[in-house]
Amino acid sequence: MKPLVALVGRPNVGKSTLFNRLSRSKSAITDSTPGVTRDRHIASAEWQGRKFMVMDTGGYCHDKDSLNRAMMEQTLAAIAEADVILFMVDVRSGLAYLDLDMSRMLKKNFRDKPVYLVVNKVETRQLAFEGEEFRRTGLTEPWFISAREGNGVADLLDEVVASFPDETTEEEDTAIKLAIIGRPNVGKSSFVNALLGTNRHIVSDIPGTTRDAIDSRLKRNGKEVLLIDTAGLRKRTKIDRGIEFYSSVRTDKSIERCDVALLLIDAEQGLEKQDIKIIQMAAEKRKGIVILVNKWDLIEKETNTSKQYSDRIYDQIGNLSWIPVLFISALTKKNLYRAIDTALETGQNRQKKISTSELNRFLQQVLSELPPSTKSGRELKIKYVTQIGAHYPVFAFFCNNPDLVLSNYKRFLEKRLRQTFDFTGVPVSFRYRKK
């Protein structure tokens, strides 16, 4: 297990800027608005050949607002999980009451963990002199850095990695990556929390309370699963601040990163245009897709309610009807593990390899069932087929003239191939080549 380093402190002291520098990414949203990072998220980092995990947190505060209270609870949970704590303060705003309060809390409750007092935004000697006041916290010698410029970060990291326990050999990460996607407030974080059995994500009725992508792990039937819970995709016209826009970009990137996308929709709202855009985006990126109709416990049901609901969805998504639809409730935990099992099966379908001999037996069968016709009356000969895709199913059909293959015959071949080899939940690509 990689050591976990938690970045903690009051809002807007530069935690996300340091997180981005350590993880060499823009995974965390940075902004001058206090509380921009409202949840925990984790990324891989490496220094001097030593790998570790770094965790960003929302911020330590005493605000009575329910959302800030939840953010505070998440910060305390992050400290409890961490192996090393970087307690960050802001030299430009000076020593604050919250800094003193948090230092007392750390000294009282986490004596067994290495805690580093990190004075951030120190870009000049004068600021370093002013930073001496943070010695009043009674913690270790302060480390003066500029997360933005990189000053002092190398020396800090040398000390941090030296505090790690002896390194152990780690196995290659073979976890299947599942992106939990959907519009705001459809229950994505509640779904993840119900699976993990812990309040890993802030859950609130306020749309958009998860603005970043968050990674969590679980095991299912001996298989490692990485859950990527993303910010909801809003209609572009509703994104009126840079923060929300950047979060929607993060969702795009989460889809890019995953093996299978789990699209959650609200049972009472149904499938909307933005959901269809998300599905199309995932399909274009050749990802596995599963639609999860959440809050099914709120729907009054008759004998054929679920079938009628599924039929409406399939009418809306048209030629993407190979996507499975499941009905779940994050609140009552109905079908949650069935959803994960379906996602795992979809992931296996995405990696499925069919031998050339099997494919050509299939081809001869379908050609005998329905020989291809052409508009011009010219003869079309499909000679053989083979699988060529490395990361998702791609099949090359070799024929005398690819231009003669009609679109309806292409649909027929795809339908029969899916029926024969089961590619449920997975986009399948066909290439027609001249031979």
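Cβ coordinates are placed from backbone N, Cα and C, and glycine is handled just like the others.
The shown structure was predicted, so the numbers you read here are calculated from the model rather than taken from an experiment.
What Swiss-Prot lists as domain 'EngA-type G 1' is 3-168. Per Swiss-Prot, GTP 1 binding site is recorded for 9-16, 56-60, 120-123, and the stated evidence type is sequence analysis. Per Swiss-Prot, domain 'EngA-type G 2' is recorded for 176-351. For 182-189, 229-233, 294-297, the entry in Swiss-Prot reads GTP 2 binding site. Annotation comment: Swiss-Prot describes 352-435 as domain 'KH-like'.
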Practice prompt. Note down the number of other Cβ atoms within 10 Å of the Cβ of GLY182 (GTP 2 binding site), including every protein chain shown.
Written response: 27
Discussion item. I'd like the Cβ neighbour count for ASN12 (GTP 1 binding site), meaning other Cβ atoms within 10 Å of its Cβ, all protein chains included.
Written reply: 18
Fill in: For LYS15 (GTP 1 binding site), the one of GLY182, LYS188, TRP296 that lies nearest, given that the binding-site residues are compared by Cα
LYS188
Worksheet entry | Spatial neighbours of TRP296 (GTP 2 binding site) among the binding-site residues GLY9, ASN12, THR57, VAL122 [C-alpha, 10 Å] | none
Response to the item:
If you rank the binding-site residues THR57, ASN185, LYS188 by how many other Cβ atoms lie within 10 Å of their Cβ, the lowest count goes to ASN185
Response to the item:
Over the domain 'EngA-type G 1' (3-168) the mean pLDDT stands at 81
Worksheet item: binding-site residues GLY182, ASN185, LYS188: which have a Cα within 10 Å of THR57 (GTP 1 binding site)?
Response: none
